[in-house]
Each structure stands twice: as C-alpha cells, then as structure tokens.
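The domain 'Chorismatase FkbO/Hyg5-like N-terminal' annotation in TrEMBL covers 60-179. Among the features that TrEMBL reports, substrate binding site is placed at TYR140, ARG147, TYR199, ARG212. What TrEMBL records for GLU323 is active site, proton acceptor.
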Amino acid sequence: MVNAPTVALQSIGADTSAPIGRHLLGVVNFTDKSSEITIDKACPRVSVNLAETVGDGFAEVWTTARPVTTGQFGTISWASDGEFFFGAFHIPELPQYAEATEASYTEVLELTESLGYRPFRIWHYISGLNEPNAAGLETYRDFCLGRARVLERSGITHDMPAATVIGAHGGGIVCYLLARRRGAHVNLENPRQVPAYHYPARYGPKSPNFARATHLTAADGSTFLYVSGTASILGHRSMHPGDVAAQTRLALDNVGYVIGPGNLFAHDLNAGQGLADLTAVKVYVRHRADLPVVREICRATLPESADVVYLNADICRSDLLVELEGIAPQQLATSGSPQ
Ligand SMILES: O=C(O)C1=C[C@@H](O)[C@H](O)C=C1
Ligand SMILES: CC(=O)C(=O)O
C-alpha cells in the first residue's frame with residue numbers, strides 16, 4: 001500500500017470512509033450546497049459550492065497510510081499522519097478579498113512551517129472569480145494581491161507548488177492543500193509557457209504564484225505528478241479565443257508536455273509520464289453548453305482508466321473556456337522499477 005496520499009473521486013453521499021488499510025486525510029465535497037468546512041476526529045470535510053445539483057457533484061476523498069490527528073489553527077482546519085498534511089480554510093463572501101486572503105495564507109504558512117511541513121499542492125475555489133470587487137478589481141486579481149503579499153514577506157513568491165484557482169458558484173473562497181514533512185518535492189515549469197510568476201502586469205497588479213506541476217517521490221520510491229489547473233496558454237497569451245475545442249486540445253497538450261519525459265529530464269527527473277498516466281482529472285468548463293464538446297475531446301484523449309469529472313466553473317481569465325488538472329501516479333512494481 002502506497003505510503004502517500006491517494007485520492008478517489010466518489011459520488012456525493014457515497015460512503016466516504018477509507019478503504020481497508022487507509023485512513024481519511026481530508027474529504028472535499030463538490031456540491032450544490034454553500035461552501036463550508038467542518039472537522040471531526042476523522043478529518044476536515046470541505047464543501048465547495050460548484051455543482052448544479054447533487055447529481056452533478058462528487059466527493060474528492062484523500063486517504064493516507066497511517067492514522068491521522070486533526071486540529072484547528074485560526075481559520076485552518078487540518079489533519080496529519082505525521083508525514084502528510086491536509087489543511088483547509090474558508091473565507092466567506094466579502095466585498096474585497098486581499099486582506100482576508102493575506103490573513104489565512106499567513107496562518108497556512110505559520111502552521112505548516114511550525115509543524116515542519118511544506119505544501120506540494122494547493123486548490124482554491126472562489127465565487128465571483130471574474131467579477132469586479134468593491135474597488136473594481138477583478139476578484140481573481142484581488143485574491144492574487146493578497147496571496148502575493150504573504151509570499152513576498154516569506155520570500156517564496158517563486159517557490160510555490162502546483163495550484164488551481166477556479167470559480168465557485170457562491171460562498172467566498174475555499175482553499176485546501178496537501179503538504180509533506182520530509183523529503184523534497186520538485187516544482188516543474190512548462191518551457192512552452194511563461195512561468196506564472198513572470199506574467200506581464202496586464203494580467204493583474206501581482207502575478208499568480210504557482211508551478212505548472214509538482215513532482216513528489218514517496219518513501220517507497222513511488223512518484224506522483226500533481227498537475228496545476230492548465231489552460232490554453234502559450235507563452236503568457238491565451239490562445240484560441242472563442243474556440244473551446246481548440247482550447248481543450250491545447251490545454252491537454254500542455255499537460256502532456258509538462259509531465260512528459262523531455263520536461264522531466266530537463267528538471268533532472270527520470271521516468272516522465274504521459275496523458276495515459278493521468279487520473280483524478282478535474283475538467284472545468286466555463287459554459288455548460290460546451291460540456292459535450294469538451295467531454296468528447298477528453299474521452300478521446302485521456303485513458304479509460306482515468307477518473308474524470310467535469311464542472312461548470314469560471315476560469316481565472318475571462319477569455320479562457322476550459323481548464324483541467326490531474327495527477328499522474330507512478331507506482332513502483334514489486335521489483336522496484338517504475339511500472
Ligand atoms: O493563480 C493560480 O494559482 C492558478 C491560476 C490558474 O492559472 C490555474 O488554475 C492554476 C493556478
Ligand atoms: C490562467 C491560467 O490557467 C494559467 O495562468 O495557467
């Protein structure tokens with residue numbers, strides 16, 4: 001059994017207890033209910049308001065190999081098994097988010113640093129993502145302002161892991177993250193894209209802070225590639241405006257490139273992966289009417305083995321129609337060589 005967090009995408013309301021030999025680390029329900037976070041002795045349970053109906057929703061269930069302890073630190077609900085950590089915070093709907101984002105991100109860094117953990121994957125779901133805040137700044141750019149201020153103070157603006165920022169249907173900001181105590185993970189860039197840290201000022205007063213993917217090696221040598229929300233961007237430009245099919249193909253192509261052997265070799269890593277290795281894929285589609293086209297392209301491109309879910313959501317640039325993320329696990333065969 002892998003001694004690293006693994007994820008299963010289950011239907012909402014399905015029994016979200018851990019499989020035999022695994023322990024719950026965190027449960028994220030994508031539902032039609034309001035965003036909230038609860039915590040019990042088992043783990044934090046996050047609800048993200050991002051499904052049209054319960055039927056559209058799903059549960060993202062993270063488990064780990066060892067029993068966890070849970071805790072609360074300011075706005076952060078967390079669980080840890082001593083090596084891996086799951087944390088989450090919720091900021092209610094506000095006229096502006098930078099200040100509250102700064103406060104919660106400060107708590108995330110204080111908590112993970114005090115416990116000796118380093119984040120390796122972060123997700124954010126933000127209602128009104130493309131809407132102007134009370135000061136007229138797009139909410140996504142408002143969020144980036146708050147995040148960047150904290151990371152600048154901590155000197156880690158260019159060392160953040162894979163991330164996702166996607167719109168929610170209401171409820172303010174929900175953020176959840178995975179972190180690890182020991183061992184280094186490697187943040188990857190995609191040479192076909194300008195690193196988000198270096199986006200020109202036209203995209204906002206502060207650049208986003210995330211890597212294109214993060215590569216993690218577990219104690220048993222298994223590796224996991226966590227791919228950020230990836231869109232139809234080359235260089236720093238959004239490509240194929242208005243053409244959701246072309247945007248879907250380029251987003252998939254960007255994912256295949258960033259986890260491919262050439263890019264991993266360029267980051268001094270072995271055993272690149274491919275789209276055929278992806279699982280736990282979340283596809284975010286701006287217009288519901290585009291879902292059938294996006295599904296068709298994804299089904300033709302992704303392996304049948306992949307768990308793929310589709311969500312109707314706003315994306316961090318208003319000219320982007322689709323974005324997707326995934327995980328490429330590489331379990332070691334018993335011989336110790338990559339499968
Ligand atoms: O700002 C981010 O962290 C981010 C935005 C999107 O490009 C994508 O969801 C990945 C990360
Ligand atoms: C916008 C987006 O998806 C990116 O910056 O990669």
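Note: Cβ is positioned from N, Cα and C throughout, glycine not excepted.
Features recorded in TrEMBL, as mapped to the structure shown.
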residue : record                       : DSSP class
TYR140  : substrate binding site       : helix
ARG147  : substrate binding site       : helix
TYR199  : substrate binding site       : coil
ARG212  : substrate binding site       : coil
GLU323  : active site, proton acceptor : strand
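The 10 Å shell around the Cβ of ARG147 (substrate binding site) contains 28 further Cβ atoms across the protein chains shown. The distance from the Cα of GLU323 (active site, proton acceptor) to the Cα of ARG212 (substrate binding site) comes to 13 Å. Across the domain 'Chorismatase FkbO/Hyg5-like N-terminal' (60-179), DSSP classifies residues as 34 helix, 49 strand, 37 coil. The 10 Å shell around the Cβ of TYR199 (substrate binding site) contains 18 further Cβ atoms across the protein chains shown. Sequence-distant contacts of ARG212 (substrate binding site), defined by Cβ-Cβ distance under 8 angstroms and a gap of at least six in the same chain, are ALA162, LEU188, GLU189, ASN190, GLN193, PRO195, VAL227, SER228, THR230, ASN254, VAL258. Confidence across the domain 'Chorismatase FkbO/Hyg5-like N-terminal' (60-179), taken as the mean pLDDT and rounded to a whole number, stands at 97.
Under 8 Å, Cβ to Cβ, and six or more positions away along its own chain, TYR140 (substrate binding site) finds ILE126, LEU129, ASN130, VAL165, GLY204, CYS316. Put simply, the two farthest-apart Cα atoms among TYR140, ARG147, TYR199, ARG212, the recorded binders of substrate, are 18 Å from each other.
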